Amino acid sequence: MSEEQELSKLRDQIDQIDQQIQQLVNDRAKCAQAVAEVKERYAQGQQIQFYRPEREAQVLRKVMDRNQGPIANEDMARLFREVMSMCLALEEPLKVAYLGPQGTFTQAAALKHFGHSVLCESQVSISDVFREVEAGTMNYGVVPVENSTEGVVTHTLDSFAGSSLQICGEVALRIHHHFLSNTDPEKITRVYSHPQSLAQCRQWLDSRWAKIERIPVSSNAEAARRAASEEGAAAIAGDAAAELYSIKVLASSIEDMPDNTTRFLIIGRDETDASGDDKTSIMVSSRNQPGALYHVLAPFHEKDISLTRIETRPSGVGTWNYNFFIDFEGHVTNENIKEVLGKVSASATEVKVLGSYPKAVL
Ligand SMILES: O=C(O)C(=O)C[C@]1(C(=O)O)C=C[C@@H](O)C=C1
């Protein structure tokens, strides 16, 4: 057989398989439409929850568990992420608010979590994301909460104190920063970026661009926007911003820590059912007395529950009063978690469950 003949035979096979995949994807979409009809039929005047974070996590975990390759587990899960996103859009086109502007890592996190068939709308501040979701103008919101190099995003944690919103998911995103400019490198006099990104690339800048001015701006996307149009300016930003503002990548992945990762939270108005592999976030206000944190944490140790994060923030009430933000493994409906929370409540002035949600799959 000639090369031409061999290729033609294989391409015929690919055409047939594509036809089957297409048919099956549409069959799946029809099932999702039928699911929507059932949800509507049983709604009884209640707000219908078309988006089901726990089910989506289960579907993606199954995809990864049964995957045999040669396509990598994560790549296969991303494909199904998009299929499910399209199916959900047939049930209800979701509106998702994110900390903008366009081209930020938070937008990338929103798309990674929900897939590309949702309507993403950028917001100016974290408070605006909370407000839009609380008001019901947007179905869900995406906000950054912590970075592996720079630590916690305090504004996000503080916003939970006065909000009724629930965390219904988390996304982790590897953050790659690039040094961008459309100017001749010899003529670069300043670099714009968000303060956290400047900090995350400090050593790289010190060693290569020690003499240029570092100018903090409100977002990396804003940095790229300015650098794209200003002579002598550079920006530190990610792929999406570089693409959006057509700005050249002079050096890529310049972050000081190679595993630089940011974690984002998905916030919504509803509680999420258990998916089988969940996390819970709580906020504990405690009395200003010796051993306060010990009494809050001891019940977790007694029940052998893994804490994944703990942050302390001034409560804003009186002086030297604190809120502890604690993340741990498990779902509020698990019996052992209920017991632990009962004990924590006994030693605290307030325990607020910020949400139980599936651990990030992708
Ligand atoms: O199982 C459901 O409740 C569905 O609506 C179906 C489906 C899916 O496509 O698999 C779609 C959206 C939900 O977020 C979860 C899953």
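Note: Cβ is positioned from N, Cα and C throughout, glycine not excepted.
Just so you know, TrEMBL annotations never went through curation; they're auto-generated.
Marked as coiled coil by TrEMBL: 7-41.
Here the domain 'Chorismate mutase' (1-95) has a mean pLDDT of 97 out of 100. Look at TrEMBL and you will find 1-95 tagged as domain 'Chorismate mutase'.
Residues or ranges marked as domain 'Prephenate dehydratase' by TrEMBL: 95-269.
What TrEMBL lists as domain 'ACT' is 281-358. The domain 'ACT' (281-358): residue composition by secondary structure is 24 helix, 30 strand, 24 coil, according to DSSP.
Look at TrEMBL and you will find Thr262 tagged as site 'Essential for prephenate dehydratase activity'. Sequence-distant contacts of Thr262 (site 'Essential for prephenate dehydratase activity'), defined as residues of its own chain at least six apart whose C-beta falls under 8 angstroms from its C-beta, comprise Phe105, Ala109, Pro144, Glu146, Asn147, Ser148, Ala172, Leu173, Ile175.
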What three-state secondary structure does DSSP assign to Thr262 (site 'Essential for prephenate dehydratase activity')?
strand
